[in-house]
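Asker: This is the feature table in TrEMBL:
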- 1-44: region 'Disordered' (REGION)
- 21-34: compositional bias 'Basic and acidic residues' (COMPBIAS)
- 142-163: transmembrane segment (TRANSMEM)
- 175-201: transmembrane segment (TRANSMEM)
- 222-245: transmembrane segment (TRANSMEM)
- 321-342: transmembrane segment (TRANSMEM)
- 362-390: transmembrane segment (TRANSMEM)
- 445-465: transmembrane segment (TRANSMEM)
- HIS461: active site (ACT_SITE)
- 471-490: transmembrane segment (TRANSMEM)
- 502-521: transmembrane segment (TRANSMEM)
Amino acid sequence: MAGEDCVRKRPSGSTTTCKIPDNERTQRRPENERSFQNSSNGRVDVDHVITRKMQLIAEAEQLKPAFMKEVDSHFTEFVNSLVAKSALLDSSPSASLFPASSSEKELHKAKTLRAPPEHGKIFSARRSLLDELFEVSHIRTIYHMFIALLIVFILSTLLVDFIDEGRLVLGFDLLVFVFGKFPVVFCTWLCMFCATVIIPYNLFVWWAQGYCSSSHRIIRSLFYGMLFTLFQTAGLGFGPTYVAVSYALPPASRFIVILEQVRLVMKAHSFVRENVPRVLSSVKDKSSTVPIPRISQYLYFLFAPTLIYRDNYPRNPTIRWGYVATKFAQVLGSLFYAYYIFVRLCIPQFRNSSQETFNLRGLVLCIFNSILPGVLILFLVFFAFLHCWLNAFAEMLRFADRMFYKDWWNSTSYANYYRTWNVVVHDWLYYYAYRDFLWFFGKKFKAAAMLSVFTVSAAVHEYVLSICFGFFYPVLFCLFMCFGMVFNFILNDRRKGPIWNVIMWTSLFLGQGVIICLYSQEWYARQYCPMENPTFLDYLKPRSWSCHVKM
């Protein structure tokens, strides 16, 4: 055979090659190449080259989704494996990275866990998702579109004011009003913060130092637990609320006080909840030392953008002050963005709403007209607080774990949306409300645990809005407990198709429209229809239902 005679091995290891006959070389050429040469007769067939190029491009486009899906699958498997091995390493410090006793079943079990039960949340160095997405020019263009929309709002406001007043009106009366009485806000925050630094930490230290030698450990624990609960309810609970109401703080100033109140309550609870089991474990093991965190660790936790206490967090080596300045500038820009949304889209619509007779058609139009400002406010709250504000403080503190949110916009279920919208608060609710409920009552009460978490979250949200707006109108509570719970079970994690993402966004748009419409109507109704000697029931009854009668 010619193919067998072409290459012969010599004892020295060298080879000799033979010349392939022309007729055999011609037979070995691809069929398309021979047809191309035969059809061209020595000249380049341009049409054939273009056709072949288009075929290759089409084949590449067909292979691209499968290739990207395969890469994403392998990358996700690699990251999950890395996290699982890290969790196994943390749970057994003396073991090696790949212990011989670890079976494939144990590794698979570790992959499916959110975190080892004895450790809780695992912090790791990672960037925020938007910081990564903004490196893609297509995503950055969407950000530029929102900036362009802000410029349009500004131009619209300036032109209308110039036409009405004959001059440019550059006043920001609304911002000045909602952020009024700032010295009272600052003094209230300073008192709250100092009390949170001193009281919970010292209560824990006094309890921990005497717990080992105490002969009445249960009584001692109950006594200090009651003191801590009293501080949480009366000191941090009642005090800031009384200041916000008695000093008649404007809405944004109240938001600052009440949100800081809730944040400090959650942080103090996390500090005690994470450190008490460590003291009990050390006493049970008859350790000679009591694990008491340093005051510097507690102070860092109070400023860190997390609600889960740890003695140490992953830290970045340097601080990018340019990044910090950019994030604070974006927060300020978002604030002005919200101002123009209210000035151009909300105030003209609701200013005279109380003078109109209530009817179903007007309510439906109000809700749908409120969807655009409601969605824009939702995006601004997410971008300004969850991305810019938290990243700015994380950068100043060199806090490396920046996963404050996940890709909630891709959610196909409300269960996933609740987990990914605000990871900081979700982690606190998961570890200290949901898991502690199951630990106390048993794992068979998962539905009751989920209901309790929804109830606590809805009550806190409604409490914040009630204090900040100065009236009780449980719109958000009803949406949370009724539609939120129903959608959480109907739009569950088994819904994976894109249609469910459309349904999720549609319901989210409608919910934002309902919130903006009803709360705005109630705000203006209480401005236009004040009561001289209101009773407690008058604060609970919606004024917007009857204000048009009094007009």
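Placed from the backbone N, Cα and C atoms, the Cβ positions cover glycine too.
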Asker: Find the member of 222-245, 321-342, 362-390, 445-465 that has more C-beta pairs under 8 Å to the transmembrane segment (142-163) than any other listed stretch.
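Answerer: Between the stretches 222-245, 321-342, 362-390, 445-465, 321-342 has the largest tally.
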Asker: Mind giving me a neighbour count for the residue listed as 'active site'? Other Cβ atoms within 10 Å of its Cβ, every protein chain shown.
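Answerer: For the residue listed as 'active site', the 10 Å Cβ neighbour count is 16.
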Asker: Would you mind listing the long-range same-chain contacts of the transmembrane segment (502-521), meaning Cβ under 8 Å and 6+ residues beyond its ends?
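Answerer: 346, 349-350, 353-354, 363, 366-371, 373-375, 377-378, 411-414, 417, 465, 469, 473, 475-476, 479, 483, 487, 491, 544.
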Asker: What residues elsewhere in the chain lie close to the transmembrane segment (175-201), defined as a C-beta under 8 angstroms and at least 6 residues from its ends?
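Answerer: Non-local partners: 228, 231, 235-236, 239-240, 243-244, 247, 249-253, 256-257, 260-261, 264, 267-268, 271-272, 295, 298-299, 302, 335-336, 339.
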Asker: Let me spell it out: take the transmembrane segment (445-465), skip the flanking residues so only those 6+ beyond its ends count, and list any with a Cβ under 8 Å from a Cβ in it.
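Answerer: Hits for the transmembrane segment (445-465): 255, 258-259, 262, 429-430, 433-434, 437-438, 472-474, 476-477, 480-481, 484-485, 488, 519.
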